[in-house]
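Among the features that TrEMBL reports, active site, nucleophile is placed at C482. What TrEMBL lists as S-adenosyl-L-methionine binding site is Q359, Y388, E412, D455. Annotated domain 'TRAM' per TrEMBL: 16-75, in sequence order. If you look up TrEMBL, you'll see 217-312 marked as region 'Disordered'.
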Amino acid sequence: MTEPAGDPGVPVYPDELAVGDVVEVRVDAVAHGGHCVARYGGRVVFVRLGLPGEQVRVRLTEVRPASFCRGEVVEVLVPHPDRVEAPCVHFRPGGCGGCDFQHAAGPLQRELKGAVVAEQLRRLAGLDVAVTVQALPDAILETGPDAAPDTGPDTAQGGVAPGFGWRTRVRWALDADGRIGPRAVRSHRVVPVSRDRPCLIAAPGFSEAAAVLDVPPGVRDAPVRPGPDDRQAVAGPGGAAGVPETEEDDRGAGGRPEQDRGTGGRPEQDRPTGGGPARDRRRRPDRRSERGRGGDRGRGTVRGRAADRGRRRSALPEVILVQAPDGEVRSAWPGEDARLVVEQAAGRDWQVAGDGFWQVHPAAPQVLADAVRAALGDADIRSAWDLYGGVGLFAAVLADVVGPGGSVVSVEGDRHAAELAAANLADLPGVRTVRGAVADVVADLPDRVDAVVLDPPRTGAGPALCREMALREPAVLVYVACDPAALGRDAAALAGAGYRLDGLAAFDCFPQTHHVECVARFVPAG
């Protein structure tokens, strides 16, 4: 279907458009969320699997009358010069939703992510900032000769290609036929994985373990028969709690219950997107689930309605796979007292719940800890807060900064994560761990503080907390962000409270996906 005739500045909204139609478009800029923007007849089309500047044919997967459409590239007519062949068999139209950019070379992926961060800061905070996204060191995972097939072009010696095999925590679903895997894009449908058809961003051996996991009726007490490189498998019923069908989430480094976001370690709040490994999720009292997306109720929106239902929680049982540094394989049910995993970062061991949160890229905790330390600068800091502190990673960084005579308060809403933080930091007498909703705890803290580090959920800190922090007049405020839009909104709120952005570092903690981690430094505007 070619572009409708007429004034290009006037929306046409052709009535005949319906799900399944194939339209030809030129792809424009990348947008937040892992897709690019195109226009057809004046209507916005959110294009998956395309790249800026490409001429492509797109099959529509969602049509909202007099509004936007969604679609996936089915044919590339004029490719981007840095387009590459995606190595994963599941990365295709209608396939797994866990990855967004396998069709882009690594440097281009980081360029696209930087453009998104810059656009969100410009649009939401009025800031003109050049953003360079830094690559993380390749994941160093224990892999045997039979751990996993090579994962694509430029395969590194040892079997795992750069930018793949980095995800040490995933949350996959179990379908009615007993098959396990990530969800399809914007769908509850399970994409089964196996040794021969693995998830390539997951740690080596995860897919093989998932394929042989014995799941009895009721999904109770499921024994685990792992491959040689799997470190933990946890099976449990999703029930009504299940997983929200949103875009795959990835983030977190400090150690919260399994939830891909953050760095301090907060509870996991699943955010399977269309289907991939859970970018590690979170569930905490003062965090919100990822942004919801309403489905279309109009004509030609079968997939739109499915996506709308996806915003609610799936009843599919779920499996969590975790790779811990010690190589031990363990199993537990989500929500139960899972055995602990011991992670390493910032020169310390960290106890993290087996179903708890920790940054999913092996290099991310150390990289983010170093970035936070650098952002604190050389200010005279004797008192500090670590908000949304998880199991305590950034509190330890702050303890080193304030020194033996200083004080650090780490605030975490999840009970288990807060308890683990207290245990992890027990040798640091200047650190106090407080469990509670961040806004409530901050209201009762002293009127002045020298520095604040916060690693909020994907929804951000919000205007009220930004104002409350600014009232305490910290010399520096370091914001660890997993969502560029939330960072933009909170940067605007902080500007209104008298704080300006004084530096920004961005990191590609989730290669092949649209997710990006930022560490922003704010200082008093005066």
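For all residues, glycine too, the Cβ spot is worked out from N, Cα and C.
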Between D455 (S-adenosyl-L-methionine binding site) and the residue listed as 'active site, nucleophile', find the distance joining the two CA atoms and give it rounded to the nearest Å.
8
At the level of the C-alpha atoms, what whole-angstrom distance separates Y388 (S-adenosyl-L-methionine binding site) and C482 (active site, nucleophile)?
13
Give the maximum pairwise CA distance in Å, whole number, for the residues Q359, Y388, E412, D455 listed as binding S-adenosyl-L-methionine.
16
With H, G and I counted as helix, E and B as strand and the rest as coil, say where DSSP puts E412 (S-adenosyl-L-methionine binding site).
strand
Among the recorded positions Q359, Y388, E412, D455, C482, which residue has the fewest other Cβ atoms within 10 Å of its own Cβ?
C482
Roughly how many Å lie between the Cα atoms of Q359 (S-adenosyl-L-methionine binding site) and C482 (active site, nucleophile), rounded to a whole value?
11
Taking every residue in the domain 'TRAM' (16-75), what is their average pLDDT?
96
Roughly how many angstrom lie between the C-alpha atoms of E412 (S-adenosyl-L-methionine binding site) and C482 (active site, nucleophile)?
17
How many helix, strand and coil residues does the domain 'TRAM' (16-75) contain under DSSP?
0 helix, 35 strand, 25 coil
